[in-house]
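J.: Before anything else, here's the structure in question.
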Amino acid sequence: MKIVTTVQEMQHITKELRASGKSIGFVPTMGYLHEGHATLLRKAREENEIVVLSVFVNPLQFGPNEDLDRYPRDIDRDENVAKENGVDYLFYPSVEEMYPAEQTTTVEVVKRTDVLCGKQRPGHFAGVATVLMKLFNITLPTRAYFGMKDAQQVAVIEGFVADFNIPVTIVRVDIVREEDGLAKSSRNVYLSQEERKEAPHLYRSLCMAKERIEAGERNAEIITTLVKEYIETYTKGTVDYADLYAYPSLQVVDQIEGRIILAIAVKFENVRLIDNITLTVK
């Protein structure tokens, strides 16, 4: 595995690889890799001749009161996870390398961002789309891999890739969970012992809602109210949202049908956790 820290070298490598006909699987991350990221890397390894992993904590996607400075970082651990999962190139640029001067252009996302996490984090998805536009141009991937834990992000990325005719296939990868159902996340380290015991109730609330939908409930408000009440009963967390939308359009639905997402965000003392399920309802 080769570690690359400059845009110029990474772009030179990927241009040569693509010119020689090699397929490139790309996994963009902010580091502090866990089993969820490893799953993305293994999927990329299965489907491509070359795997490129990026580790970059992107300042553009953090708001003024968010956790940029305390976002967990451990490059030695990330290198080990990368090597264990067959990465060929680890792209590890500095902020100065990615943004040598103030951006004169950013990508503004106008749909799919005014709900869920986007409602709470104005500018977040513009930051995500801007850094991905840069990373796609640097790594020139055939396929790029994203976990469905950030399902809104996946919907936004699929939209912007289609809108700008970017020649990359976006591959959705299912959420990876702990044995008790908690979605794996770099931010889980911020949970206290007591909160860690409560956190699996996020997924349990979604499973309960799914059972009600499969039993015939079609009223979206009834389902989201059930989820909120369940989380408020079984955790000390504060429900930020529990919402149901069409997916991937993220349009509001009153009656549940077609492809939908049920998504939640819950604030604990030092961390905000998100989770979701997607399902097709006939």
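Cβ coordinates come from backbone N, Cα and C, glycine included.
Take a look at what Swiss-Prot says about it:
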- 30-37, 147-150, VAL176, 184-187: ATP binding site (BINDING)
- HIS37: active site, proton donor (ACT_SITE)
- GLN61, GLN153: (R)-pantoate binding site (BINDING)
- GLN61: beta-alanine binding site (BINDING)
J.: How far is it from MET30 (ATP binding site) to GLN153 ((R)-pantoate binding site), counting Cα to Cα, in Å?
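T.: MET30 (ATP binding site) and GLN153 ((R)-pantoate binding site) have their Cα atoms 14 Å apart.
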J.: Name the secondary structure element type, per DSSP in three states, that contains LEU33 (ATP binding site).
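T.: Reduced to three states, the DSSP call for LEU33 (ATP binding site) is coil.
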J.: Tell me which residues of the chain lie with their Cβ under 8 angstroms from that of GLN153 ((R)-pantoate binding site), as long as they are six or more apart in sequence?
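T.: The answer is PHE125, VAL128, PHE146.
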J.: According to DSSP, folded down to helix, strand and coil, what is GLN153 ((R)-pantoate binding site)?
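T.: The three-state answer is helix.
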J.: Pop the Cα-Cα gap between MET148 (ATP binding site) and HIS37 (active site, proton donor) into the table, whole Å please.
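T.: Approximately 11 Å lies between the Cα of HIS37 (active site, proton donor) and that of MET148 (ATP binding site).
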J.: Fill in the CA-CA distance, LEU33 (ATP binding site) to GLN61 ((R)-pantoate binding site), as an integer in Å.
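T.: Given the Cα positions, LEU33 (ATP binding site) is 18 Å from GLN61 ((R)-pantoate binding site).
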J.: Around the C-beta of GLY36 (ATP binding site), how many further C-beta atoms are within 10 angstroms, looking at every protein chain?
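T.: Other Cβ atoms found within 10 Å: 20.
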